[in-house]
Amino acid sequence: MGMNSNRVEHFSSPEAQAQPPAPAGPESTAVSVIVSANAMQMPPLEVHRVCLPPPRTTVQKLRHRLSEIFFPDDPLHRFKDQTWFRKLVLGLQFFFPVFQWAPNYSLKLLKSDVVSGLTIASLAIPQGISYAKLANLPPIIGLYSSFVPPLIYSVLGSSRHLAVGPVSIASLVMGTMLSETVSYTEEPILYLKLAFTATFFAGVFQASLGFLRLGFVIDFLSKATLVGFMAGAAVIVSLQQLKGLLGIVHFTSKMQLIPVLSSVFHHIDEWSWQTIAMGVGFLVFLLATRQISLRKPKLFWISAAAPLASVILSTLLVLCLKSKVPGIKTIGHLPKGLNPPSSNMLYFSGPHLALAIKTGIITGILSLTEGIAVGRTFAALKNYQVDGNKEMMAIGLMNMAGSCSSCYVTTGSFSRSAVNYNAGAQTVVSNVIMAASVLVTLLFLMPLFYYTPNLILAAIIITAVIGLIDYQAAIKLWKVDKLDFLACLCSFLGVLFISVPLGLAIAVGVSVFKILLHVTRPNTVILGNIPGTQIYQNLSRYRDAVRVPSFLIIAVEAPMYFANSTYLHERILRWIREEEEWLASNNRSNMKCVILDMTAVTAIDTSGIDTINELRKMLDKRSLKLVLANPVGSVMEKLHQSNVLESFGLEGVYVTVGEAVADISSAWKAQP
């Protein structure tokens, strides 16, 4: 078997470069591999050498690994072979995307952005007031948060369609977490300080993730987790709005299903029929306009204008009927003017600092996840790319600046971004137009909101969050992946019956458990040959695949780590035992060789190497040969450095399963 000498070679060896591939000898040319009772002939197969990867120093390996972890998109590739001036321009464009699109901005683009900006402003103003109430903050804070953050994002953000402002989920989580410890009615100043401080820490956390390129942290919030979490939060938020729709004064501040429903029915005496009639009427109107826009996307402006139209109409009704319906609660006085500075209100010492940090991190993760997901969704529709790490820095710096200008946590809203996209937005200037509209409102229109009823804010919130209940996605999860559905269900029930933060924690825990399950219990399958080919596939998946006599071919479909090495050792031995029992019960020839297909083993550590070595020793004692097929470069390198390859001999490692079967079969036939 001269062709099997030097089965493993170095990538850079002169012999490997000069010596042509080993020709198939007479034995291999004449050999046919039996795959069925009909003894089907296999074509002649050339056996190739298995190459080690090019030699690299430890520093080179570390540099390459860190580059793959933190810079998979190679953000500096545009700077190569450029002049210093060009590099300066590219650097400004990289950190401030405004320099990228501003030089080519035109009047035509401005017209589109003005229309879309005014459209989303009609939605942002009532939603801003409503979401601030959801976070248990003064309504004016919601308008402040719709002014400064969009301006900052227009300079730093890379998404053309992201409409920035307060969002329901972050508002709900912030209100829930802070109000569990501090009462917003008894200690409003402290509550406001903690809200601004939480916003600051949310921004620091978000910007740090982007700067350190640690965006993969937010990937632990899987889509399945978010589907359940948002649905549960939407149900809780909607039920909480019954306070405004029914006119209840003494309502629970708890955010669980049972206390909320209990509070609704224990205060029937506080229900106001005038409030119910007006509230339900406007809710039906808002839901109807939403359905019209969903069914006919070209009529998006109907649902976009409906909230502001409802605010105006309800305010006029209350103003005209205030003597006849005195029981309807209104927003009351809202101060005019620009955002007052709030850096002096940041709470950096005291007993509640940990609460502010925890609230900031959780709301920061949620808002970051939503903002980046929304930005990428609309970028894909328009065929441009959104840099996740730059978005994290933009959203983070936006929130840090917002915390110093009387704003709370903001991000990209899906509902407003969808309206922005449908209205024809071309650049982030639409955010500037929206902010300008909010500015006009803050300076001149605030007294008009005095008679705006709370019930319309409740109706706007219910209409906005009802879209977060994605039952079709839950059905799809059930059909496709039961574990994902379990994570979704745990998140949903956790939010409903325990609390919003703990519901999220449970969902993340289920997602992490799923990852650990896949890592510690990887998939292994038995391969068979598809007759007439060199293709080997799962026996239980392909009916045409058949066992190769005397061989057991096992595919390991995961990296081999300390976490799964013991399991793989036991599972492979079980496969061997079951195969021997099957052969004995079917009167087939004895097994002589076990081939491990390592195509999917993308990495290995010392525990995995020890597992392979122990398997080889155990099989040697049972007169069974262990062969490795197609180990990837990094795995091959570690096997070589650990001297495990030497124990496998000349016929221990092959490029493919087909070559292993053909070459070992020819060797057996050549034996006397």
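Every residue, even glycine, has its Cβ placed from backbone N, Cα and C.
Features of the protein shown, as given by TrEMBL:
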DOMAIN    541-664  domain 'STAS'
REGION    1-27  region 'Disordered'
TRANSMEM  84-102  transmembrane segment
TRANSMEM  137-156  transmembrane segment
TRANSMEM  163-184  transmembrane segment
TRANSMEM  190-212  transmembrane segment
TRANSMEM  224-251  transmembrane segment
TRANSMEM  271-288  transmembrane segment
TRANSMEM  300-325  transmembrane segment
TRANSMEM  345-368  transmembrane segment
TRANSMEM  428-449  transmembrane segment
TRANSMEM  455-473  transmembrane segment
TRANSMEM  485-513  transmembrane segment
Below 8 angstroms Cβ to Cβ, which residues of this chain, lying six or more residues outside the transmembrane segment (224-251), approach it?
134, 168-169, 172-173, 257, 260-261, 263-264, 267, 270-272, 274-276, 279-280, 283, 327-329, 369, 454-455, 457-459, 461-462, 465-466, 468-471, 473-474, 477, 481, 484-485, 487-496, 500, 503-504, 507-508, 510-511
Can you tell me which recorded stretch out of 84-102, 163-184, 190-212, 345-368, 485-513 has the most Cβ pairs within less than 8 Å of the transmembrane segment (455-473)?
163-184
Where, among 84-102, 271-288, 428-449, 485-513, do we find the most CB pairs under 8 A to the transmembrane segment (345-368)?
485-513
Per the Cβ under 8 Å criterion, with at least 6 residues separating them from its ends, the transmembrane segment (300-325) contacts 119-120, 122-123, 125-127, 274, 278, 282, 285-286, 289-290, 292-294, 418-419, 422-423, 448-449, 451-453, 455-456, 459-460, 463
For the domain 'STAS' (541-664), the DSSP residue counts stand at 59 helix, 21 strand, 44 coil
Pairs 6 or more apart in sequence, C-beta under 8 angstroms, 3 or more of them: is that satisfied by the transmembrane segment (163-184) and the transmembrane segment (485-513)?
yes
With a Cβ cut-off under 8 Å, give me the same-chain residues at least six positions beyond the ends of the transmembrane segment (485-513) that come close to it.
172-173, 176-177, 180, 220-222, 224-229, 231-233, 235-236, 255-258, 362, 366, 474, 477-478
Overall pLDDT for the domain 'STAS' (541-664), taken as the rounded mean:
91
